[in-house]
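**Q** Sharing the features that TrEMBL gives for it:
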ACT_SITE  ASP228  active site, nucleophile
ACT_SITE  TYR375  active site, proton donor
ACT_SITE  HIS431  active site, proton acceptor
DOMAIN    51-163  domain 'Epoxide hydrolase N-terminal'
Amino acid sequence: MGLLTKIILLLIPIGVGYIYLKVTKTDPIPHVEDAYWGPKSEQGKKEDTTIRPFKIDISAAVLDDLKTRLTRELDSDRLVTPLEGVGFGYGFNSIFLKTVGNHWLNKYDWRTREKLLNQYPHFKTKIGGLDIHFQHVKPKPKNGVAPRPLIVLHGYPGSIIEYQKIIPLLSEPKNSKYNYELIIPSLPGYGFSSGAARPGMGTVEMANIFKRLMDRLGHKKFYAIGGDWGAVITSDLATIYPDSVLGAHSANCVSLGVQGHLRNFLALTFRSIFASPEEEEHKWLSWGETFSFIVRESGYLHIQATKPDTVGTALTHSPLGLAAYIMEKFSTWTNRTWIDRDDGGLLEKFEMDELLDNVMVYWVTGSITTAQRLYSEGLIPWSGINVDDVPTNVPFDCHALSGDIIVVPKFAISHKFTNIKRYKVNAGGGHFGAFEIPSVIAADAVSFFDSL
């Protein structure tokens, strides 16, 4: 046996041992400081902690400017004709984009939509130098029992619009002895919440902001619901503040650490070994199909994780560009087969006005750039705090949706979420579950929280 062979044979068990220790290592719960994220010029000043009523009231000048831009873009010949027979395969179909633009310009009435959004109370409060916006729906006690506090967190490219239809289903649920006090914030940098003035505002830091918000509202313990980035923040809340989160409902239970990725690979590759009984009826994509789909649908992620301000500049100045960039995700992330349709299947599950409501939240606030920076912060952990491999024992309902971008097997997350009370793959619905099938999501969440 040669020296090289001996060295290789020696290194193999060392390497295997290192990998095993790496993926099975359990990190301690980190301490997250109550940091300041506002402008440096304001740092050191006493923060105004009052909770201020807020009303969405967009100026006529902003709406007139939007109409001017839409008119100019629709009248120009700069929209490129799509290739024949590709549907949404190359991105948002420009022929259907004209349909969207014409509806936006001639039929969509923001003032009517604004009234609908204002039917539930809105507030703002300063936390860590940021103006944090949130809806607060507080029903009266039910059967002499105070409503249970529930924070509801959206993701990208969504907003509070995703949860408007679910509000009455959660605040006053039928067939439940409880009702729920809803706190629905705009994430920092999204919509009506201001963005951080310096780098480092990732999901851990947002979890800290929302813990401070719940403390300010007098809720030391609460329940949580999250989707997309909101699901990651919900996971972080449960990990960092396990004594505060009484239970969590997530449409996207994921583990983004080394062990999570390895477990996901194993579960998708060797389904017969690692599949749980709850997963048997779901038609899983193979690892190759999953990888191919991720590559095809993750181009936006690489741009936003590296150059969010560059693409944000273009989107901030073109309403049709912004609509195409945002609304395209509501097609392929809801049903991956809709990519072959000229209209992206968008109106099969959603109304044009509600899709435009979501686009408008980004347009009237000019927040697309600050929203996209969250991807960059996720790529570069400025604080050095990473809780991906820190387990949480908070009770979780992991309600995966079959049409989502990725459906994560239970085995891939069970090391992270050590107290999964429920795991299911719902045969209907996609990434924006609360927006698409609000009654299903609400019923599942309420029955879960009621059981705790």
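Placed from the backbone N, Cα and C atoms, the Cβ positions cover glycine too.
TrEMBL does not curate its annotations; it predicts them automatically.
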**Q** Roughly how many angstrom lie between the C-alpha atoms of the residue listed as 'active site, proton donor' and ASP228 (active site, nucleophile)?
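**A** Checking the Cα atoms of the residue listed as 'active site, proton donor' and ASP228 (active site, nucleophile) gives a distance of 12 Å.
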**Q** Minimum Cβ neighbour count within 10 Å among the active-site residues ASP228, TYR375, HIS431: which residue?
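**A** Each of the active-site residues ASP228, TYR375, HIS431 was scored; lowest Cβ tally within 10 Å is TYR375.
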**Q** Summarise the domain 'Epoxide hydrolase N-terminal' (51-163) as counts of helix, strand and coil residues per DSSP.
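**A** Computed counts for the domain 'Epoxide hydrolase N-terminal' (51-163) are 41 helix, 26 strand, 46 coil.
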**Q** Could you state the CA-to-CA distance between the residue listed as 'active site, proton acceptor' and the residue listed as 'active site, nucleophile' to the nearest Å?
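**A** Approximately 8 Å lies between the Cα of the residue listed as 'active site, proton acceptor' and that of the residue listed as 'active site, nucleophile'.
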